[in-house]
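Features reported for this protein in TrEMBL:
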- 112-401: domain 'CDC20/Fizzy WD40' (DOMAIN)
- 162-198: repeat 'WD' (REPEAT)
- 240-281: repeat 'WD' (REPEAT)
- 282-326: repeat 'WD' (REPEAT)
- 370-403: repeat 'WD' (REPEAT)
Amino acid sequence: MATSEVSKQATEREDLNPGYNLLLRSELLGATFPGPISPDKVQQLEQLRAPASPGKSLFRFKTGDVHSPHGGPSAQSPFVVSPVGDETAAGSPFASPRRAQRRIARAPFKVLDAPSLADDFYLNLVDWSSQNVLAVGLGTCVYLWSASSSTVTKLCDLAPADSVCSVEWSCRGTYLSVGTNSGKVQIWDVAKLKLLRTMDGHRARVGTQAWGSHVLCSGSRDRNILQRDIRCPEHFTAKLVGHRSEVCGLKWSPDDRQLASGGNDNQLYIWSLASTSPQIKFSDHTAAVKAIAWSPHQHSVLASGGGTADRCIRFWNTSNGTAINSIDTGSQVCNISWSKNVNEIVSTHGYSQNQVIIWKYPNMAKLATLTGHTLRVLYLAVSPDGQTIVTGAGDETLRFWSVFPSAKSTGPDTSVASMNRTTIR
């Protein structure tokens, strides 16, 4: 339609706002009109060109280079229809709100001195119960530290004939199993501070344990894994044979259907209760596999970490026996744990950087790198509320870090009391 025809039709329609009519013809058609424009129409045009309010401006593009800090199409873009008004992303009612990035403190909020905490990669000497009690093996003794009250209780002393190699809480936090250097496993009632039973079966130290609902598994330097049903009088109900070197990592899947084991033979095995032979064998690691963690968010997803010669965190699908992903962390992977509140992972490292890293899964972007330990960070446990981690190292300190957000649902208080530096014994 020609400009003259549009102008003629608009002139004949007296019900249209004359200022708005002029603006449309000027902006959309580039039309010019002979003769002067009356002051009242000029005022109407200025009002129409101005934003409705200082903070709002609807459906308008910001002109400029797309590579500029302000973005937006260039002045030559065919999508720039009108220079009427100005627009910013903050002023648009349709702009998506940006989620505030979570800040992770780079320093521990509490430090416990832990004299005689062993600098031994193959031991597992720290565990945090569902009742908010931390168990720590120090030399020949096991100490219990209440995270809510900061009280310390000495559970046992194996001196002079034995020492502690692993500690593991039962799911409900009522029993603590203690693996010893002599190959025995002790079951303790922590409320009564009473030894309930001592179980034999291993010929060497017990460096790792894993509780299921009723089945306790123990891994040893004798290369075997023993399944123990604490309801039965027998010391063990099954022997799992497969590793060719010390077993240094054990973890039950969340549904208690699969057991993952890692060894100094660089192997990662998946076992089921129905068999005494490995169901799946993963052989991609090139160093000892101690760090093992099951995803609480995705069924049959397992993470494992390799030692100094490997340095990789690898992810596996245990339902079909396939590898999912692998990332080179740059240093020895000593421990790994999955957050139950968000889909993130924490890993602790040894040679040569001694750091703690928070990762976003599945893209494995680093969210934070925490430093402070002066020796390799061998031990890791997560608080029952899933927000705090405790790390332990051969520098004889336990450091508490607030790294994960809280769960959506509320529960009992599982916070960590006090921020002063104290000793665990």
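Just so you know, the numbers here start at 1 and follow the chain as drawn.
Using N, Cα and C of the backbone, Cβ positions are placed for all residues, glycine too.
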Six or more residues beyond either end and a Cβ under 8 Å away: which residues meet both conditions relative to the repeat 'WD' (370-403)?
104-121, 123-132, 134, 136, 147, 332, 334-337, 339-341, 346, 348-351, 353-358, 411, 414-416, 424
Could you pull out which residues elsewhere in the chain have a CB under 8 Å from any CB of the repeat 'WD' (240-281), counting only those six or more residues past its ends?
121-122, 204, 207-213, 215, 217-221, 223-227, 287-294, 296, 299-300, 302, 304, 306, 310, 316, 318, 321
For a three-state summary based on DSSP, what are the helix, strand and coil counts in the repeat 'WD' (240-281)?
0 helix, 21 strand, 21 coil
